[in-house]
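K.L.:
My structure is below; once you've seen it, I'll send some questions.
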There are 4 protein chains.
Amino acid sequence: MPAEQKSITEECGIFGIWGHPKAAELTYYGLHAMQHRGQDGAGLVVNNGKRLLSHKGLGLVNDVFSFAEFSQLSGNVAIGHVRSATEGSQVYENVQPLLFQSQIQSMALANNGNLMNADRLQSELEHKGSILQTSSDTEVVAHLMKQRSMEVNETAIADALNQTSGAYGFLILTDDKLYAAVDPNGIRPLSIGRLGDAYVVASESCAFDQIGAVFERDVLPGELVTISDDGLQSSRFAMRGQRRMCAMEYVYLSRPDSDVNAVNVHASRKQMGKELASEAPAAADIVVGVPDSSISAAIGFAEESGLPYEMGIIKNRYVGRTFIQPSQELREQGVKMKLAPVRGMVEGKKVVMIDDSIVRGTTCKRIVQMLKHAGASEVHVRIASPTIQHPCFYGIDMSTYDELIAANYSLDQIRSMIGADSVSFLSVTGLEKSIIKDKTIHQGICAACMTGYYPVTTDSTNSGNTGSQVGLRGGSDHGKQI
Amino acid sequence: MPAEQKSITEECGIFGIWGHPKAAELTYYGLHAMQHRGQDGAGLVVNNGKRLLSHKGLGLVNDVFSFAEFSQLSGNVAIGHVRSATEGSQVYENVQPLLFQSQIQSMALANNGNLMNADRLQSELEHKGSILQTSSDTEVVAHLMKQRSMEVNETAIADALNQTSGAYGFLILTDDKLYAAVDPNGIRPLSIGRLGDAYVVASESCAFDQIGAVFERDVLPGELVTISDDGLQSSRFAMRGQRRMCAMEYVYLSRPDSDVNAVNVHASRKQMGKELASEAPAAADIVVGVPDSSISAAIGFAEESGLPYEMGIIKNRYVGRTFIQPSQELREQGVKMKLAPVRGMVEGKKVVMIDDSIVRGTTCKRIVQMLKHAGASEVHVRIASPTIQHPCFYGIDMSTYDELIAANYSLDQIRSMIGADSVSFLSVTGLEKSIIKDKTIHQGICAACMTGYYPVTTDSTNSGNTGSQVGLRGGSDHGKQI
Amino acid sequence: MPAEQKSITEECGIFGIWGHPKAAELTYYGLHAMQHRGQDGAGLVVNNGKRLLSHKGLGLVNDVFSFAEFSQLSGNVAIGHVRSATEGSQVYENVQPLLFQSQIQSMALANNGNLMNADRLQSELEHKGSILQTSSDTEVVAHLMKQRSMEVNETAIADALNQTSGAYGFLILTDDKLYAAVDPNGIRPLSIGRLGDAYVVASESCAFDQIGAVFERDVLPGELVTISDDGLQSSRFAMRGQRRMCAMEYVYLSRPDSDVNAVNVHASRKQMGKELASEAPAAADIVVGVPDSSISAAIGFAEESGLPYEMGIIKNRYVGRTFIQPSQELREQGVKMKLAPVRGMVEGKKVVMIDDSIVRGTTCKRIVQMLKHAGASEVHVRIASPTIQHPCFYGIDMSTYDELIAANYSLDQIRSMIGADSVSFLSVTGLEKSIIKDKTIHQGICAACMTGYYPVTTDSTNSGNTGSQVGLRGGSDHGKQI
Amino acid sequence: MPAEQKSITEECGIFGIWGHPKAAELTYYGLHAMQHRGQDGAGLVVNNGKRLLSHKGLGLVNDVFSFAEFSQLSGNVAIGHVRSATEGSQVYENVQPLLFQSQIQSMALANNGNLMNADRLQSELEHKGSILQTSSDTEVVAHLMKQRSMEVNETAIADALNQTSGAYGFLILTDDKLYAAVDPNGIRPLSIGRLGDAYVVASESCAFDQIGAVFERDVLPGELVTISDDGLQSSRFAMRGQRRMCAMEYVYLSRPDSDVNAVNVHASRKQMGKELASEAPAAADIVVGVPDSSISAAIGFAEESGLPYEMGIIKNRYVGRTFIQPSQELREQGVKMKLAPVRGMVEGKKVVMIDDSIVRGTTCKRIVQMLKHAGASEVHVRIASPTIQHPCFYGIDMSTYDELIAANYSLDQIRSMIGADSVSFLSVTGLEKSIIKDKTIHQGICAACMTGYYPVTTDSTNSGNTGSQVGLRGGSDHGKQI
């Protein structure tokens with residue numbers, strides 16, 4: 001589980017389907033494909049032709065749906081959500097989709113992202129007498145819509161979203177329509193596919209492959225898509241800014257088989273490995289990747305450098321949530337958790353160890369120790385992404401500033417702290433080259449956590465021109481590179 | 001889980017520890033590292049200084065031990081077992097270690113392997129008035145020992161084992177000793193390690209790495225090791241035959257980070273891929289491995305052939321036992337199970353698809369289809385092991401003869417059946433070259449399922465000279481190659 | 001479980017405590033004592049000094065709290081709720097207390113009862129832009145309060161309750177106060193007790209005994225009690241009407257050890273049995289009660305009639321929710337569920353069978369058959385309450401009008417349908433005599449389901465003068481008797 | 001659960017059925033009716049026409065069978081068992097029926113009772129090379145039979161049982177026969193019933209009523225019943241001794257609706273209450289019974305004494321295994337467990353409190369306190385059975401000698417210790433008069449725990465003449481009374 005290895009957690013994956021008789025079941029499979037985007041809760045809301053029904057719960061998709069009776073969730077339209085909770089928010093009430101039953105018009109909302117001004121908006125709503133039941137940004141948007149209009153429609157949605165600033169992909173289901181929207185800078189991903197005549201919407205294209213659907217296009221920045229029995233209509237709720245997809249989607253978050261903004265994630269990672277090999281070669285015997293997320297980059301590094309790729313670290317496939325953690329005493333004696341070195345491969349070797357990113361450095365340190373303990377004569381750490389030095393306000397839960405090793409220490413200090421013989425990071429330019437293939441698709445990437453250049457700020461009016469504004473910590477050299 | 005992908009299931013992994021205050025807990029971690037050897041049951045017996053205590057159950061190691069209170073399983077000595085059950089034998093009673101409480105001397109047994117003459121031995125015992133409670137070979141050995149002697153000791157164990165014929169690794173725990181034995185041909189693996197002053201015994205060396213123990217040596221064919229407060233003593237219960245380790249341990253069963261008879265499994269697999277690339281090259285664009293067990297061979301094939309290795313197939317890490325299986329209708333519509341193609345990698349490409357072995361061919365066929373459906377222009381299947389044409393009598397549960405595709409169809413028929421553009425298997429010679437590095441260690445391998453040459457037969461007297469005898473179906477060309 | 005035997009289900013029990021360091025844990029025990037009032041959901045909200053925390057779930061109190069960590073629910077103030085759901089409303093969202101977190105002022109509500117005009121109020125709220133998340137009356141009251149005032153206080157509560165009409169006991173918890181209120185006619189019960197310096201509030205006094213608290217007084221009709229660090233203050237939100245406690249609380253719903261409006265439930269039931277023996281004696285050998293709720297009345301009948309009381313029917317104490325129900329085929333062969341006849345007692349005897357009430361008559365019929373099959377020569381059914389002929393709008397979920405046997409058939413038809421040799425019901429006068437001991441406490445009872453005289457109607461303005469108005473189906477003779 | 005209230009636990013209930021197509025399912029219902037005889041484990045073995053299949057587990061019948069698929073347990077013949085475990089014996093292996101699969105002849109055994117010489121027999125068997133896997137007496141009998149004969153038949157069974165001494169009811173199922181046997185003194189109960197053409201055997205007749213079967217007769221002391229396709233045959237394996245049914249079956253263990261040796265249990269308890277009222281009247285206002293087992297005696301006492309019977313103590317029906325126990329601190333503050341006083345009934349009253357028996361006196365003391373705390377002015381304890389002063393060797397697990405309050409203290413000391421105003425026990429004569437109605441059926445009762453007169457001793461040769469021998473502590477006055 002990514003959450004154990006890194007201190008980065010994606011907060012969500014969303015899925016929607018319109019026009020298939022097995023809508024709820026396909027939503028289940030779609031969510032399952034995006035399980036890596038959130039392991040703390042899952043849910044779906046189906047329109048059974050008469051009303052909206054909800055099935056949700058805490059835990060993994062399989063936990064939540066293992067006793068689901070899909071026969072009781074029949075209907076042609078559904079939306080679903082997988083959720084990664086922050087400490088203290090792991091309660092049932094926060095699991096999405098949020099369903100609001102009403103005598104007038106019921107609706108369900110699911111969101112992947114973060115609204116930076118949610119607290120202020122919530123406060124304003126409560127002073128007007130509204131009652132909010134969750135700590136979810138998503139509920140704020142529901143209230144904003146209802147304040148504007150009895151009926152949820154394009155106008156109400158546009159009005160509500162324009163009061164927010166942040167990064168998001170939204171799905172809104174009413175009795176007769178399914179809406180999908182992406183933030184004006186296109187920071188969070190959302191794609192449209194087809195499954196026969198049915199429409200499918202998902203955070204990642206791997207959900208399409210899982211159910212046999214075919215990718216059609218991405219939802220554009222600032223676009224509001226309306227799907228109904230009349231087909232798909234597109235409108236804009238905001239002027240389109242420069243499209244700046246979150247770089248961490250490529251580096252770590254998305255599944256390697258997904259295409260994000262027309263770029264395959266595995267291919268971009270492999271390219272990051274190649275760029276890294278060019279930028280920071282190492283005199284070593286073998287290349288080893290930290291499973292699973294760094295394998296693509298490691299293969300790329302090996303290919304570019306000409307060094308053999310070896311399986312020097314292995315991941316136990318049976319480590320799940322119920323794994324009994326070894327005590328500190330046993331860990332010090334060498335009892336491993338989920339990663340183990342392959343002694344036969346690394347003993348006596350100079351090893352290039354590829355990892356996708358470093359947040360606090362603690363995991364990296366443990367792996368270096370493990371390799372050395374298994375006999376590696378040298379360990380050269382190569383990180384297939386730039387240093388993470390700034391917090392994310394757009395929905396990725398990383399460590400706080402104080403914990404970010406690259407924000408607080410020099411490269412040489414980091415090398416020393418993790419016990420490596422050398423350490424290098426990919427440059428921001430190298431990262432961009434690995435991701436941006438076509439400037440008509442990507443005007444840039446959001447690498448705010450690496451550069452401190454934030455495409456959206458809380459005082460943003462979300463006019464769509466945010467691309468040109470000064471970031472929170474803007475003006476840095478890194479920022480200019482993007 | 002291997003059992004879902006292939007029709008090959010290892011039946012067991014065994015673990016023992018002598019002289020560590022956390023014996024039971026370390027046994028748990030050791031078993032966890034060997035979970036891939038058996039997912040249907042797990043158990044341990046600990047000597048708490050006064051008596052032998054058992055904790056076991058059906059299911060995965062984590063399921064069985066998730067509520068274990070190790071504080072109540074304190075003691076310095078323990079043995080454990082993971083088990084893969086055949087249809088109908090998945091009952092609690094068969095979960096090992098088998099514990100026999102007695103007023104005279106209690107004992108516990110755990111076994112990895114198969115006794116070919118167990119039925120006959122059981123019948124003889126029952127005619128003498130013995131009552132057997134399980135359908136396990138292991139219980140037969142317990143009765144054979146007790147028939148011989150009130151007290152279990154080296155003589156009783158040797159006497160009992162010499163009445164059996166088969167392939168096995170045995171652990172026997174009494175009030176004051178821990179015994180370990182391997183069959184006279186060394187078909188099944190068993191290794192000895194050290195954790196400080198403590199002795200550790202395990203089917204696979206990955207269990208040592210998991211707990212921070214250091215590999216010392218393998219238990220030799222026909223050797224009976226006795227561990228007690230007096231240290232480790234070795235004796236022989238049978239003349240040593242030619243050591244013929246099961247080839248499937250390298251091909252598929254063992255974890256890539258294990259060393260089996262001093263040969264690293266990943267390295268042997270990578271070499272199989274290299275040999276395969278030499279024997280059967282393919283004019284293609286990329287090399288793709290079927291995860292997880294074929295990745296090593298695929299990397300080897302790529303390295304040798306100079307073709308790029310790509311992640312063309314991805315495995316969903318969250319597929320577990322509770323996964324709701326899609327209906328036939330949904331599967332036909334394209335809903336995937338645990339493997340998904342990476343369209344962005346394979347579309348329009350000529351693909352070399354590496355798999356470790358073929359049993360019935362059904363999985364292979366499905367993956368070829370999947371790749372073609374995802375746009376692969378050609379799929380060249382390369383299998384990194386020889387054709388499986390014969391049943392195993394030594395503890396590996398493969399499909400019956402009728403289901404073995406290679407036993408019933410020609411190479412060209414197989415190619416046509418799985419829908420590939422070409423198909424090739426590694427030769428037995430290539431397999432041997434990938435495994436046997438040092439003739440003083442390996443006198444050969446057991447490749448009976450590939451060659452029909454069986455190192456042990458049921459009328460074997462287990463004298464240790466079995467290596468020279470004629471196999472069940474012996475005399476084939478394949479047989480001679482070994 | 002009462003719900004299986006009868007078609008009567010109480011919807012709720014509520015509990016609150018102010019000023020005890022183990023508030024949450026004591027709430028658990030208090031709810032446990034009132035488990036019979038609701039088996040479908042349970043929950044509590046505790047004020048931990050900083051904020052309101054919730055723990056709730058579907059199922060029995062023990063199910064919901066079996067894994068509760070009370071150490072994480074510390075605090076001096078808590079309220080709780082047990083819930084009986086109607087078909088389709090058994091969802092987590094509806095489990096009370098409802099907790100509304102707010103930046104301004106959080107609050108939690110728990111209610112026992114029913115608001116007759118909830119639908120209209122909800123519609124009005126939604127037309128003003130409010131979003132309701134549950135199908136619970138209780139949420140309506142929360143919104144009514146918030147519409148009136150940013151801050152929940154006596155005025156806001158009184159204002160909200162005065163917009164409703166129905167029967168209820170309400171608990172409202174804010175950051176610094178605990179409010180308790182009962183409907184103007186006192187139809188639903190709510191009592192105040194003391195546990196040392198702490199205040200306790202509960203639907204039934206048995207909850208006080210369970211935790212060692214002492215009953216102090218009942219909350220009066222139309223009274224709003226405010227408990228805070230300043231002690232207990234009383235105010236009125238409505239003029240007090242005639243106090244008309246629900247008769248079914250005595251007949252069936254409450255625990256026999258509870259005192260409801262100063263009358264012990266067991267004693268009132270025993271008196272019902274005595275009155276019944278006077279009104280409708282039977283020439284029989286023994287008196288038998290249907291366990292558990294009819295035992296008190298049966299003992300009273302036996303005492304008054306001079307016939308011996310015998311255990312002629314026994315209830316299996318181990319029948320729980322997981323009991324596998326016998327198939328129709330097996331039931332026809334005589335496989336019993338939870339009640340069994342005591343053949344040795346009833347064989348050859350003329351039996352007076354006492355039941356507390358009849359709704360649809362199906363259970364009664366089955367028990368008569370069972371007794372006859374066990375050899376009873378005659379079965380004289382005596383029901384210790386009047387006929388139920390009208391629906392309840394005040395929070396008791398009984399069968400629909402069409403299913404009420406007494407609403408659709410004559411006494412002789414009922415006798416014939418249930419297969420008894422004779423059948424009699426207690427008169428309304430007899431019921432009143434059994435309950436009303438002191439006219440200063442009880443001005444009457446609500447026996448609307450028996451008489452059709454409804455003390456509150458939907459067009460009631462809740463002015464407190466409702467006692468004199470004409471009931472929904474009023475003017476009947478029965479109605480006049482009350 | 002009786003086990004919580006008293007320190008008396010019955011160890012078993014057994015059930016068998018021959019000749020019904022739903023044999024396993026009916027066994028489930030039969031066991032369910034006898035759940036009170038053992039709550040620690042349950043199981044059944046069915047003969048599906050080809051082989052014996054087992055389904056068993058730890059816990060309540062419902063727990064064990066909640067996921068049973070009876071469709072996979074089809075067959076016409078089955079036996080079952082419910083078990084009450086002593087500390088340390090609560091392991092799966094000990095759950096009965098014990099099933100012994102064999103190539104020659106499989107068999108299953110279930111037993112209610114205790115063999116006094118089991119340890120010695122086990123030792124002898126082990127010295128002959130037998131391996132026993134459980135700590136169950138029952139397994140000893142299986143080995144004794146197999147030592148005698150390859151085939152289990154009447155001779156082998158008789159031979160085995162005659163080597164044992166103790167009290168028991170045995171069921172033995174082979175491929176083609178069902179055997180039932182009772183110890184030569186008839187201490188443990190076992191009855192035969194009919195369900196259509198099928199034969200049914202059960203420890204208690206309540207199991208017959210549960211499934212619609214009709215009682216036919218009791219298995220006689222020393223009788224071996226053989227049921228097969230040829231019908232029912234009877235033989236004797238031992239000369240019949242005086243039939244001395246365990247008195248505790250009437251006092252406490254059996255369900256009130258059962259007939260034990262032609263005497264209804266409720267009736268005998270009511271009579272004990274009447275005898276007690278004659279022997280030890282009390283000047284009081286009301287009679288109160290401790291639920292559930294003392295209700296019958298309390299009603300008898302009330303009837304005989306002319307005092308009103310009131311519900312002065314109530315038992316919470318929802319207390320199950322998962323009930324969170326209040327801490328000592330909370331208990332001292334008055335938080336109750338499963339019994340609560342009915343204050344409205346006992347306040348200011350002189351109460352006769354009827355309990356069925358006293359073992360250690362701790363529960364009795366707590367209830368007296370509870371009644372006084374609730375306002376009872378006097379509490380007169382009347383125990384509807386004689387003092388328990390001796391251990392039971394026949395299968396009832398009572399407190400050890402040191403804990404038996406009546407073995408160590410005088411009547412007045414007991415009164416003082418439990419805090420009562422007076423205390424009296426029923427005389428042994430009174431007990432006999434309540435149970436023995438027909439000397440041709442009961443030659444006496446086993447009241448060894450009360451009198452010290454033991455009908456069977458370990459040096460008994462089980463010749464059937466044990467009735468006349470001197471008991472372990474024989475010759476006491478109490479002993480003579482029987």
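Quick reminder: no glycine exception, Cβ is built from N, Cα and C everywhere.
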K.L.:
With D:Cys246, D:Cys446, D:Cys449 listed by TrEMBL as binding [4Fe-4S] cluster, identify the candidate in D:Cys364, D:Cys392 belonging to that site.
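P.N.:
Looking at D:Cys364, D:Cys392, the one TrEMBL places in the [4Fe-4S] cluster site next to D:Cys246, D:Cys446, D:Cys449 is D:Cys392.
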K.L.:
Among D:Ser293, D:Ser422, D:Ser424, D:Ser427, which is the one TrEMBL gives for the Mg(2+) site where D:Asp355, D:Asp356 also bind?
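P.N.:
TrEMBL names D:Ser293 for this Mg(2+) site.
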K.L.:
Could you tally the C-beta atoms, other than its own, that fall within 10 angstroms of the C-beta of D:Ser293 (Mg(2+) binding site)?
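P.N.:
A count of 23.
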K.L.:
Can you tell me how many other Cβ atoms are located within 10 Å of the Cβ belonging to D:Asp356 (Mg(2+) binding site)?
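P.N.:
If we count other Cβ atoms within 10 Å of D:Asp356 (Mg(2+) binding site), we arrive at 27.
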K.L.:
Of the recorded positions D:Cys12, D:Ser293, D:Asp355, D:Asp356, which one sits closest to D:Cys392 ([4Fe-4S] cluster binding site) when you measure Cα to Cα?
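P.N.:
It is D:Cys12, whose Cα lies nearest.
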K.L.:
Please state whether DSSP places D:Cys246 ([4Fe-4S] cluster binding site) in a helix, a strand or coil.
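P.N.:
The three-state answer is strand.
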K.L.:
Closest to D:Cys12 (active site, nucleophile): which of the binding-site residues D:Cys246, D:Ser293, D:Cys446, D:Cys449, going by Cα position?
P.N.:
D:Cys246
K.L.:
Return the residues near D:Cys446 ([4Fe-4S] cluster binding site), defined as same-chain residues 6+ apart in sequence whose C-beta is under 8 angstroms from its C-beta, sorted by sequence, else 'none'.
P.N.:
D:Ala167, D:Asn185, D:Ile187, D:Arg244, D:Met245, D:Cys246, D:Ala247, D:Tyr394, D:Pro455
K.L.:
Round to a whole number and give the Cα-to-Cα distance in Å for the pair D:Cys449 ([4Fe-4S] cluster binding site) and D:Ser293 (Mg(2+) binding site).
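P.N.:
Given the Cα positions, D:Cys449 ([4Fe-4S] cluster binding site) is 19 Å from D:Ser293 (Mg(2+) binding site).
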K.L.:
Note the Cβ centroid of D:Cys246, D:Cys392, D:Cys446, D:Cys449, the recorded [4Fe-4S] cluster site, then list each other residue of that chain whose Cβ lies within 8 Å of it, in sequence.
P.N.:
D:Ile187, D:Ala247, D:Met248, D:Tyr394, D:Ile396, D:Ala447, D:Ala448
K.L.:
Tell me, if you would, which residue among D:Cys12, D:Cys246 (recorded positions) has the fewest other CB atoms within 10 Å in the structure shown?
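P.N.:
Each of the recorded positions D:Cys12, D:Cys246 was scored; lowest Cβ tally within 10 Å is D:Cys12.
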K.L.:
In terms of DSSP three-state secondary structure, what is the assignment for D:Ser293 (Mg(2+) binding site)?
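P.N.:
It is coil.
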K.L.:
Restricting to the domain 'Glutamine amidotransferase type-2' (D:12-230), report the mean pLDDT as a whole number.
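P.N.:
So the average pLDDT across the domain 'Glutamine amidotransferase type-2' (D:12-230) works out to 92.
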K.L.:
Hey, which of the binding-site residues D:Cys392, D:Cys449 is the loneliest by Cβ count within 10 Å?
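P.N.:
Ranked by other Cβ atoms within 10 Å, the binding-site residues D:Cys392, D:Cys449 bottom out at D:Cys392.
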K.L.:
When a 10 Å sphere is centred on the Cβ of D:Asp355 (Mg(2+) binding site), how many other Cβ atoms does it contain?
P.N.:
26
